Amino acid sequence: MPVGTQGTIKGLTTDQLETIGCQIILGNTYHLELRPGSQLIDDLGGLHKFMNWKRALLTDSGGFQMVSLLHLADITEEGVTFQSPVDGKPMLLTPEESIHIQNNIGADIIMALDDVVKTTITGPRIEEAMYRTLRWIDRCIAAHKKPDVQNLFGIVQGGLDPVLRDICMRGLVERNLPGYAIGGLAGGEDKDSFWRVVAQCTAGLPEDKPRYVMGVGYPLDIVVCSALGADMYDCVYPTRTARFGSALVPEGVLKLKQNAMATDERPIDPSCPCMVCKNYTRAYLHCLVTKDPMGSQLLSYHNLSFMARLSRDLHMSILEGRFPEFVRGFLRVQFPKGDVPKWVHNAMEVAGIDISECCTPTNCQHDAMEAAGVDISDFCPPTKCP
């Protein structure tokens, strides 16, 4: 899902988003309540009509701002009090108020208010936040006035502690919600911890309900999490990296600000059918990203096109029963030297996808050979296999 915090994807129209193939956009409860206000949005027919978007919408609960605006927030059992970054006035966001605001906004999927802490935090605060999240979900359910037209998703918390994650999962599943999110990730934790939490949660959540990993948007992460059973993602990464002059390509990231781009007459990605790649060269975009806002708009269009195409291809490979081949093809392009990260190999092993053909022995087979008592050190660089 592209992130349209205040009802807009920066620099793009809703017609362009439809052309790209976006099916759902994320908006933010906290920011939409600050400006223009959920009551005004409701009075004008809801966010769909307000922003002229006929497809699906999801609104975050405002819980993430407990992390991103922690210096402006005071968290209690009642809710979280923010100091407005606009005018400095206090705003109390309770579970009931979050749901009320989201009912006014009118998104198709709304998120329960959860107590969010960074995964890099340890100690009793993680347990406190998890149990508070479970208490708050009941308040959100009770406050929800439009369950027939808006789907309320719960959010699994618990940090990197598998016991706490399991308690939260079981508690949410008992409430039989329309969908479930995996929260509290993509906040600085190491990748090995990241994928293990995703794997645990997707294994424990119902297969017939959407499983949404919040805040995840790197292409590699999406492919790995999909292999582990996740269905939905959101992130500012595709548009934010565009504003810094970087384009997403099958091989990774193309930095248009680099001097080498100044005379490059190729498109960003020759295999991409988007209007940016059909009409503009790297040299032209290089001039724009260093001097003109149009550069970030064109790169945002391309990056969202790339992500939409990746999602469609991934989805189609699952429907056609060739997802393992899709994963291997993706990894071969991303890591042509076979240097697939160890955490990816470990995650794919749990997912039951053999990626050994994409990896050098140092990255994929060393541990297996060591466990089997086979010495392959003669074939491995000393820095990789001491």
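Backbone N, Cα and C atoms are what each Cβ position is placed from, and that goes for glycine too.
Annotated domain 'tRNA-guanine(15) transglycosylase-like' per TrEMBL: 1-333, in sequence order.
The substrate binding site annotation in TrEMBL covers Asp60, Ser61, Gly62, Gly63, Phe64, Asp114, Gln157, Gly184. Within its own chain, Gln157 (substrate binding site) has Asp114, Asp115, Val116, Val117, Ala129, Met130, Thr133, Leu164, Arg165, Cys168, Gly183, Gly184 as residues 6 or more apart in sequence whose C-beta sits under 8 angstroms from its own.
When Cβ atoms from all protein chains are considered, those within 10 Å of Asp60 (substrate binding site) total 29, not counting its own. The feature active site, proton acceptor is assigned by TrEMBL to Asp60.
Within the chain, the region 'RNA binding' (215-221) has long-range Cβ neighbours (under 8 A, six or more residues past its boundaries) at 64, 185-187, 194, 233-238, 248, 306-307, 310, 330, 334, 344. What TrEMBL lists as region 'RNA binding' is 215-221 (among others).
Residues or ranges marked as active site, nucleophile by TrEMBL: Asp234. For Asp234 (active site, nucleophile), the Cβ neighbour count at a 10 Å cut-off comes to 20, with all displayed protein chains included.
Taking Cβ pairs closer than 8 Å, the region 'RNA binding' (239-243) reaches residues 2-3, 9-11, 253, 296, 299-300, 302-304 in its own chain, all 6 or more past its ends. If you look up TrEMBL, you'll see 239-243 (among others) marked as region 'RNA binding'.
The Zn(2+) binding site annotation in TrEMBL covers Cys272, Cys274, Cys277, His302. The Cβ of Cys277 (Zn(2+) binding site) lies under 8 Å from the Cβ of Pro267, Ile268, Asp269, Pro270, His302, each of these being in the same chain and 6 or more residues away along the sequence.
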Open item on the list: Using the alpha carbons only, what distance in Å do you get between Cys272 (Zn(2+) binding site) and Asp234 (active site, nucleophile) once rounded?
Closed with: 22
- [ ] By DSSP assignment, list the helix, strand and coil residue numbers for the region 'RNA binding' (215-221), in that order.
- [x] 3 helix, 0 strand, 4 coil
TODO: Specify all same-chain residues, apart from the site residues Cys272, Cys274, Cys277, His302, whose Cβ lies within 8 angstroms of the center of the Cβ atoms of the Zn(2+) site, ordered by sequence.
DONE: Pro267, Ile268, Asp269, Pro273, Met275, Val276, Lys278, Tyr301, Ser305, Phe306
TODO: Let me know the largest Cα to Cα distance in Å among the substrate-binding residues Asp60, Ser61, Gly62, Gly63, Phe64, Asp114, Gln157, Gly184, as an integer.
DONE: 15
- [ ] Taking helix as H, G and I and strand as E and B in DSSP, count the residues of the region 'RNA binding' (239-243) in helix, strand and coil.
- [x] 5 helix, 0 strand, 0 coil
